[in-house]
C-alpha cells in the first residue's frame, strides 16, 4: 500500500498533499478551518446538486418549486436547510480563516493570499446569486438593489445593469442566468481551491510563532488528519443543531413571501455574512463612493502584504498589534449589526464611525503600530 501511494501518479499527488505532507508541529486549531472550508464546499456542492434536480429557474414556478422541495421531496427540507445553513457556516469558517491569516501573518505568502482573495470574491458572488433563487421578497429586492449599484459606474453603468438583468428589470432572464452561474461557480471555486493549495504547498504552512519551521516538521497523517476530524465533528454538530432545531434562525422572514415587484419590503438587507460590507456601502451618501467603499472593504486585504511593516511575522509576540486586531474584530461585529438596522439615527452615525475605523485600522494604525513595536524592540 505504501509503495502504491508513493508510485502511482494519481495517488502520489494525494500522498504529497494530504498524507506525507511535512507540516509544522506547533500549528493550533486555528489551522483547522482550511479543511473545514473544504468540507463546507463538498456539502454545498452535494446538497446543491440534489436541489437543482427539483428546482425550476422560472419566475412563475421558482418559489413554489422550493416549497415543493420542502414538502414533497424525500428529505427535501433537510437538503434545502443544509444548503442554506451550510452557506452560513461556510462564511463563518471563511471569515475565521482570513482572520487567522491576518493575525499570524499568513498574508506574507502573497500568491496564496491573493488566490484566497479571488476565492472570497467568487464565494460571495455565488452566495449572492444563490440567495436570489428562492424568488422570495428579499431575493427579488436584494437582487434589484445590489445589481443596481453597478449603475453608479460612469457612462456604461445603466447599460451594464440592463445587460446583467437581461431586460429593464430583474425578471425571468435574470433568474435563469443567476441559476446557471450559481450552478457553475462552485466548480470554478473547486479549481481555485486546488490552485490555492498548490501555492500553499510551494511554501509550506505558516505556524503561530511566525518563524521558519523547517527544522521541526511532522507528517500530516495521522497527526493532523485526527486533529481535523475533531473540527469536522464539531462543524457537523453545529450544522445539525442549526438545521434540525432552528433552520430559519439566520434567514429572513420576508423570503417566505413570494416576490412582488409592486411591494417593497420596509428594510431591504442581504444575508448576515454581507451585512458588514452593506453597512460600509450605506455609510457613504454618494452612490459611486459607496460602491467604491464596498469593493475596497474586501480588496483592502490585497494591500496587507504591502503594509506589513513589522519585523516579526506573527502578532503572537506583539501586544499592541493584538489590541488593534481585536478592536478590528469588534468593529466588524458592529458593522454587521448596523447593516441589519434601518437607515436612521443613531445607526447612521455609528455605521459611519465604524466604517471609518475599519479603514483607519487596516490602512494606518496597524502599519504605524508595527513600526512603533520595531522601535520598542530596538529593531
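Each residue, glycine too, has its Cβ placed from N, Cα and C.
Feature annotations, courtesy of Swiss-Prot:
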BINDING   83, 182  heme b b562 binding site
BINDING   97, 196  heme b b566 binding site
BINDING   201  ubiquinone binding site
TRANSMEM  33-53  transmembrane segment
TRANSMEM  77-98  transmembrane segment
TRANSMEM  113-133  transmembrane segment
TRANSMEM  178-198  transmembrane segment
TRANSMEM  226-246  transmembrane segment
TRANSMEM  288-308  transmembrane segment
TRANSMEM  320-340  transmembrane segment
TRANSMEM  347-367  transmembrane segment
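Other C-beta atoms found within 10 angstroms of the C-beta of residue 97 (heme b b566 binding site) number 19, with every protein chain shown included. Within its own chain, the transmembrane segment (320-340) is flanked in space by residues 99, 102-103, 267, 269-270, 272, 274-280, 282, 310, 347, 350-351, 354-355, 357-358, 361-362, 365-366, 369-370, 372-373, which lie at least six positions past its ends and keep a Cβ under 8 Å from the stretch.
Calculated from their C-alpha atoms, the gap between residue 182 (heme b b562 binding site) and residue 97 (heme b b566 binding site) amounts to 23 Å. The recorded stretches the transmembrane segment (178-198) and the transmembrane segment (288-308) do not share 3+ CB pairs below 8 A when only pairs 6 or more apart in sequence are counted, and are therefore not in contact. Through the fold, the transmembrane segment (33-53) approaches residues 69, 79-80, 82-83, 86-87, 89-90, 93-94, 96-97, 100, 182-183, 186-187, 189-190, 193, 228, 231-232, 235, 239 of its own chain, all at least 6 residues removed from its boundaries and within a Cβ separation under 8 Å. Shown are the binding-site residues 83, 196, 201; of these, the residue with the fewest other Cβ atoms within 10 Å is 201. For the transmembrane segment (113-133), the residues of the chain that approach it from at least six positions outside its boundaries are 55, 57, 62, 66, 87, 90-91, 94, 98, 101, 106-107, 139-140, 142-143, 146, 174-175, 178-179, 181-182, 185-186, 188-189, 192-193, 195-196, 199, 270-271, 273-274, 298-299, 301-302, 304-305, judged by C-beta separation under 8 angstroms.
Cα-Cα distance from residue 83 (heme b b562 binding site) to residue 97 (heme b b566 binding site): 20 Å (rounded to the nearest whole number). Taking all protein chains in view, 21 other C-beta atoms sit within 10 angstroms of the C-beta of residue 182 (heme b b562 binding site). Across the fold, the C-alpha of the residue listed as 'ubiquinone binding site' and the C-alpha of residue 97 (heme b b566 binding site) stand 17 Å from each other.
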